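First up is the structure itself, then whatever we jot down about it.
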Amino acid sequence: MADALFLRQDRGGLEDHGLRGLHAAPARCAGVRSNEVGFRFSANTGFLFKDRPFLERITAAKAAGFDALEFHDEAQSADPSALADALTAAALPVLGINVRMGDTSGCAAIPGAADQARRDIDAAAAVASRIGATAIHVVAGKTDDVGADAAYRAALDYALGATDLIILIEPISKIAIPGYFLNGMDQARTIIEEIDHPRLKILFDCYHAAALTDGDILSAFASVAPWVGHVQIAAYPGRDEPRVGAAASPDFARLLPALAAGGYPGPFGCEYRPAGDIAACVADLRTIA
């Protein structure tokens with residue numbers, strides 16, 4: 001699998017992917033950038049430190065050496081004052097949060113759920129603004145209804161009009177969430193191209209990209225690079241720690257520089273299921289030049 005992931009990925013040869021000279025899009029899920037002093041990493045509290053309460057995950061992320069935070073939908077149900085205190089103590093920026101996920105992984109694409117989708121967007125936007133997050137991920141939900149595409153586009157139009165935040169959409173593989181509406185890179189690209197709004201971006205998850213393309217992460221990235229607003233990382237196929245070295249699948253010591261060369265300025269969100277020590281994983285990622 002590692003060979004497939006890097007079929008055309010030597011560090012100096014990105015031409016086959018159409019990435020040479022590509023500039024980063026100006027609107028990003030920003031706050032912390034990967035740059036000449038090293039890559040930057042964000043702790044996704046929806047996956048990491050799940051053995052402790054939400055607010056304690058913020059403290060744990062700081063202790064593990066992360067540069068930033070990103071949430072699922074935990075912040076919407078947290079006490080605002082306690083959340084503010086935890087973020088102040090950790091002194092870590094929050095890059096983005098999900099709208100309410102619920103039992104259907106969101107409802108924005110579910111026909112008949114437009115009112116709930118708008119309430120969820122409003123709630124997420126209010127929390128994001130309060131904690132200084134720059135983006136919300138409008139999760140689509142699980143549906144194959146014929147009206148799903150129109151419903152999702154209407155929800156995205158609402159989010160773009162109701163907020164000044166970056167609006168993220170994420171192609172998610174059917175392996176991870178069976179029945180999820182937004183399940184292809186081309187599908188996400190078509191939605192973004194046709195809505196044509198500078199704040200509508202793709203949340204590019206390397207795990208899902210690998211699952212959707214039989215391991216060819218860079219081809220997937222090349223197909224959507226101008227619209228990528230945030231990148232998340234995890235091993236494939238196990239979705240455990242992102243590792244470095246020739247035996248890793250993928251080898252993030254090769255993948256992260258290739259994504260940076262393709263125009264993504266970082267940071268990288270760590271959304272994986274930890275099998276080992278999280279701080280040790282961060283330390284390993286810090287060795288990537």
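A Cβ is built for glycine as well, from the same backbone N, Cα and C atoms used for every other residue.
Predicted automatically and left uncurated, TrEMBL annotations should be read as such.
Values in this document were obtained by computation on a predicted structure and should not be read as measured data.
Noted in TrEMBL for the protein shown:
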| type | residues | note |
| --- | --- | --- |
| DOMAIN | 59-277 | domain 'Xylose isomerase-like TIM barrel' |
| ACT_SITE | Glu170 | active site, proton donor/acceptor |
| ACT_SITE | Glu271 | active site, proton donor/acceptor |
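Here Glu271 (active site, proton donor/acceptor) is positioned 13 angstrom away from Glu170 (active site, proton donor/acceptor), judged by their C-alpha atoms. Under DSSP, Glu170 (active site, proton donor/acceptor) is assigned to coil, being neither helix nor strand in the three-state scheme.
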